[in-house]
Every structure is written in C-alpha cells, then in structure tokens.
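Taken from TrEMBL, the feature transmembrane segment applies to 13-33, 45-66, 86-103, 169-186, 198-216, 222-247.
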Amino acid sequence: MHPILFKIVSYPVYSYGFFIAMGVMSGFLYTYWQGKRQFGMTFDQTYALFFLLVLVGGIGGKAFVLFEDPLYFLQNPQKLLSGTGFVFYGTLLLTIPTMLWYFKKIKIPIPGMLDIMAVVGCIMHIFGRTGCFLAGCCHGKPTDSIFGVTFTDRLCQAEPLNTPLHPTQLYEVAWIAGIMAFLIFLKSRKTFDGQIFLIYLMAYGAGRGVIEFFRGDDQRGFLFGNIISTSQFISILIIAIAAYFYFRMNKKRAMP
C-alpha cells in the first residue's frame, strides 16, 4: 500500500507512525471528554494516564514481538527495532494492570472508567490497524477471493509482494468498528459498571481468534505443534477470564 504517507521537505512521514499518533490523540480527547463528564477527571490526570499507557503499551507491544518468535527476530533484529511490529496483546496485557493501578491511585471508580477505556481502545485500535494496512504488516494469506489486496511497494512488510492477500487488517478494523458501535449503544443500557469493558474483551477475543486463521505472517508465533497461534491462545484466555468476571459481577448485581 503506502508505507510512506507523505513527505515534509525530504523527511518521510510513515503511515504506521502517523496513524498510531492519530489514534493516541483521538483516544486522549475521548478519555478527557468522558472522564471529566462522568468522573471529574482533570486534563493533567488524563495526560499522565496516556503518558503511562504509551510508555507501558510500547514496551509490552515490542516485548511480545520477541516472545512470539524469538529465533526469527534474533536473526532479523532490524524487524524488532523497526517502527512497526507491535503486538496488540502485549500492549493490552500490560496496559490493563497499569490502568487499574492508576485509577485506584487517583480515586476514580475503576469499573466505570474501564467502560470508557473500552471505547478508547476501539478508537485507537482502528487507527492502529489502518496504519498496519498501509505499512503491510499483520497481513493475510494469499487468496483468490474478491477481497484480495496486492502489495507492491518494496518498503511494505507484506509477504509475498505482487500477490493478492487477505486484508486481515481491514477485517479487524471492520470488526472493531462494529464492537465500538455496540458498546456506544450499550452505554446508557448497561446493567453494571464494567459490563462494557468485559463485553469488549470477549467480543474482540472472539473476532481476533477467527481472523487469525486468515493471517499470513507466520513469524507471529504458534503453540501446541502449530495448532493455534499465540494470539488465538491469548484470545481464549481473555474470553474465559472476562466471561468469569462478567457472570460473577452480573450475579452480584442480581443478588437482593
């Protein structure tokens, strides 16, 4: 696609980094708007939260790249050090405890604030996956279907070039957009705080597990004799844990 979005004089602006930045800014604005409206969250508190999330999320995203296939990235260190190549689940698994700690520290109700962050996660993820598509990373397998997209730019990370591939990045964008629309619809209809966040985790995990079957970047790592990918395994765990807390909190709400 277009790994370089445009140039400022002779300096390239890379699509992936640009859309990540747009996602962070959009997520920040939504968090400040809803956090202030619902819980009195200040601008400084929102800024500190996003500073932590970007820092921790970046570390987690890169750490999981190495974890998924250490041999590949030790042989290709330039891939690890590139501006692309973040693993979403690495980011998610480190940012959740960071948010729990921070919301407790600033004395903001954790379940209600997590409901806001579920929508924020969708917003940022949509921008991020759009950047992935333009950069060619997180690409799909070769396909003869009408959905196939051919990457030709040698700077793209898609493999192989000049071959129609499943646009798994766009599949995920569509799925996340659907989740976000449902979460916003559910906002005024939820029956307990934390419900939206838990539904987000379960819905994303289910969709990600299916999309993984169409992924073609084999270096992302597999488990149990290549039966399932690392991300599918994490998806199963996340769905199970989120479902446990969902039914536990729903049952607690229903108790007289």
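Cβ from N, Cα, C; glycine included.
Any TrEMBL annotation is an automated prediction that lacks curation.
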Fill in the blank from the handout: Long-range CB partners for the transmembrane segment (222-247) (under 8 A, at least six residues beyond its ends), listed in sequence order, are 67-68, 87, 89, 93, 194-195, 198-199, 201-202, 204-206, 208-209, 212, 215
Handout entry: Best-contacting stretch, by C-beta pairs under 8 Å, relative to the transmembrane segment (13-33) and drawn from 45-66, 86-103, 169-186, 198-216
Key = 45-66
Practice task
Would you mind listing the long-range same-chain contacts of the transmembrane segment (86-103), meaning Cβ under 8 Å and 6+ residues beyond its ends?
Solution key: 48-49, 52-53, 56-65, 67-68, 109-110, 113-114, 117, 121, 125, 128, 220, 231, 234
Handout entry: Same-chain residues at least 6 beyond the ends of the transmembrane segment (198-216) whose Cβ lies under 8 Å from its Cβ atoms
Key = 118, 121-122, 138-142, 159, 165-166, 168, 171-172, 175-176, 179, 182-183, 186, 228-229, 231-232, 234-236, 238-239, 241-243, 245-246, 249
Handout entry: Other parts of the chain folded back onto the transmembrane segment (169-186), taken as Cβ under 8 Å at six or more residues beyond its ends
Key = 118-119, 122-123, 125-126, 129-130, 132-133, 138-140, 149, 195-196, 199-200, 203-204, 207-208, 211, 214
